[in-house]
C-alpha cells in the first residue's frame with residue numbers, strides 16, 4: 001500500500017516500537033516499522049524518523065546502531081530512550097551508566113523552551129514515565145537541554161536548526177502526561193498532521209488486494225470467530241467478491257460457548273457464507289499430554305493447515321490457484337519476533353514454520369497485518385459490522401488451549417522465603433508461590449516463571465498494584481501476581497499441582513467458566529469498560545482433579561501495554577459465587593499483573 005506522507009519508526013528491540021507507531025497513527029499520521037539496518041536511501045521517502053527504545057546499552061560493542069548519514073537527510077528525527085541516547089552517542093556526545101537509574105514517574109523541569117519546540121504547550125511539572133539505567137552526560141555540539149528531571153539532567157534535548165530531538169522518557173505510554181502532545185508536536189514539525197485515517201486505509205487496501213491477487217486466484221480464509229479474522233474475511237470479500245473467498249471456520253474444540261452459530265448468522269446477513277468443519281477430535285488427539293506453551297501454539301498452527309488441506313481435498317478444491325488468508329495484526333508479528341532486534345515473546349499460531357514457508361512462497365494474504373486492534377475495530381464498522389460486535393473482547397486464535405495451563409514449576413523453599421521476607425513489611429499481606437508456570441515479558445524478552453498468590457485483607461487496589469509490580473520486577477522467578485479474593489489466611493491452604501489435559505472435559509470446564517464470567521459482566525454493564533478478560537484454567541487445587549480459575553481483566557488501548565482492571569468488590573464476589581458452583585473448581589484468583597511484565601494471555 002503506497003502512502004506518501006508517513007513517519008518511519010526504527011525498531012531497536014523494544015516492545016514499544018509498535019506502541020509508538022500506534023500512538024502516531026491515532027494522532028492522524030501513518031507509520032511504518034523499519035529495521036535499523038535499512039539502507040539510508042530507504043529513509044528518504046519518509047517525512048520523519050523516530051528511533052525507538054530498546055533493551056541494550058549504546059556503549060556496548062554489539063548494541064544495534066544506525067548510519068550517521070540519516071542525520072544529513074534534512075528529515076526531522078526524534079529519539080526515545082535508547083534512540084535518544086543513540087543520537088547523542090553517534091553525534092559526539094557521551095552516554096554512561098547511571099548512578100541511580102530512573103524507573104517510573106518523574107516530573108519535568110523546563111529550560112528555555114519556545115513556542116516552536118517539541119515541548120510546545122508544556123508548562124513544566126508534567127508527569128512522565130522513565131525506564132532507563134543509562135544516561136546522557138554530555139551533549140554533542142549544536143544540541144541544547146530543554147527539559148530535565150530530578151534524576152535525569154537531559155530529559156529532553158534538541159538541535160533546533162536540524163530538527164533533531166531526543167527524549168529520555170517514554171512519550172508513547174499513557175503514564176506520560178502530555179505524551180501525545182509531544183508526539184503531535186513532532187507530527188506537526190514533520191508536516192504530516194491529519195494525513196492518515198482508516199477510511200483511507202480501506203480505499204487503498206482494496207485497490208492493493210485487487211492489484212495483488214491475480215484474476216485466477218481464490219482465497220481460503222481461516223476464520224477463528226474473533227474480530228481480526230472476521231474483519232479480514234469481510235475486507236477480502238469486498239475487494240474480490242464473496243465468490244472468490246471461501247470462509248472456513250475450524251471448530252477446534254477450544255472455542256467459546258455459543259460461538260459459531262451467531263457468527264454464521266451475522267455473515268449471512270451480508271450475503272457471505274461461512275463453511276464450518278468440526279475438527280475437535282484431531283486437535284484433542286494431537287494435544288494429548290502436551291504442556292509446553294510454545295509447542296502447543298505450534299501444534300495448533302500446524303493442525304489448522306492440516307485441517308485446511310483435508311478440507312481442500314474433501315471439497316474438491318485442489319484444482320486452482322488458492323491463497324491462504326489470515327487475520328494477522330501488528331502485535332502478532334512483534335510478539336513472534338517481527339524484526340531483527342525484537343525478541344520472541346510467543347510464537348503465534350499463524351507464524352509456525354509451515355505457514356512461514358507459504359508466506360515466503362507468496363501463498364499467504366494478510367490484509368490487516370499493518371493495523372492495530374483499535375484500527376481493526378474501526379475498519380469492521382466501515383465494513384458493516386455493528387460496533388457492539390466489533391467491540392467484542394479479543395480472543396486468541398488458538399482458542400482456549402492457551403488458557404489451559406499445564407506446566408508444573410516447582411516452588412523452592414529459598415524462593416518462598418524471599419517472598420515472605422518482603423511481604424512481612426507490607427502490613428499484613430502474605431503470599432504463596434503457585435507451582436505452575438506462565439509466560440510473561442521482562443525487558444522486552446520472554447520470561448517463563450511462577451506466580452504468587454496474595455491473601456485478601458481488603459487492601460486498596462493501588463497498594464496491590466504497587467506490591468504486585470514490585471514482586472514481578474524484583475524477583476526473577478516471578479512474572480505474575482494474583483489475589484485470592486475474600487481469603488485472608490493462606491496458611492491453611494495447600495496449593496497442589498493437579499495436572500491438566502487439553503481434552504473435551506477440561507475445555508468444557510473452562511468454556512462454562514468463561515461463559516459465566518461474560519454473562520455476569522454483561523449483565524452488570526461492565527463489558528465495554530474492560531479491554532479483555534481472559535478466563536484461565538489452572539491445574540491448582542487441594543485434591544486430585546480439582547482446578548482453579550483466574551480472572552484476568554485488563555485495561556488497554558492496543559494490547560501492547562495493559563493495566564489490570566480495578567473491579568468493584570461486589571462484582572468480584574458475585575463472579576466468585578457463580579464460578580465456585582462448578583464442582584471441579586476449588587479457587588478463584590484475580591490477576592494483579594500489568595503488561596509488562598505479564599503478557600495479557602497467560603501463555
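Cβ from N, Cα, C; glycine included.
Curation does not apply to TrEMBL; its annotations are automatic.
For 196-392, the entry in TrEMBL reads domain 'GMPS ATP-PPase'. Across the domain 'GMPS ATP-PPase' (196-392), the prediction's mean pLDDT works out to 84.
If you look up TrEMBL, you'll see 224, 225, 226, 227, 228, 229, 230 marked as ATP binding site. Of all Cβ atoms in the protein chains displayed, 24 besides its own lie within 10 Å of the Cβ of residue 227 (ATP binding site).
Compute the center of the Cβ atoms of 224, 225, 226, 227, 228, 229, 230, which mark the site for ATP; besides them, the chain residues with Cβ within 8 Å of that center are 223, 231, 232, 327, 395, 397. Counting other C-beta atoms within 10 Å of each candidate's C-beta, the binding-site residues 224, 229, 230 are led by 230.
Sequence-distant neighbours of residue 226 (ATP binding site) (same chain, 6+ apart, CB under 8 A from its CB) are 327, 392, 394, 395, 396, 397.
The Cβ of residue 228 (ATP binding site) lies under 8 Å from the Cβ of 327, 328, 329, 368, 373, 376, 394, 397, each on the same chain and at least six residues away in sequence.
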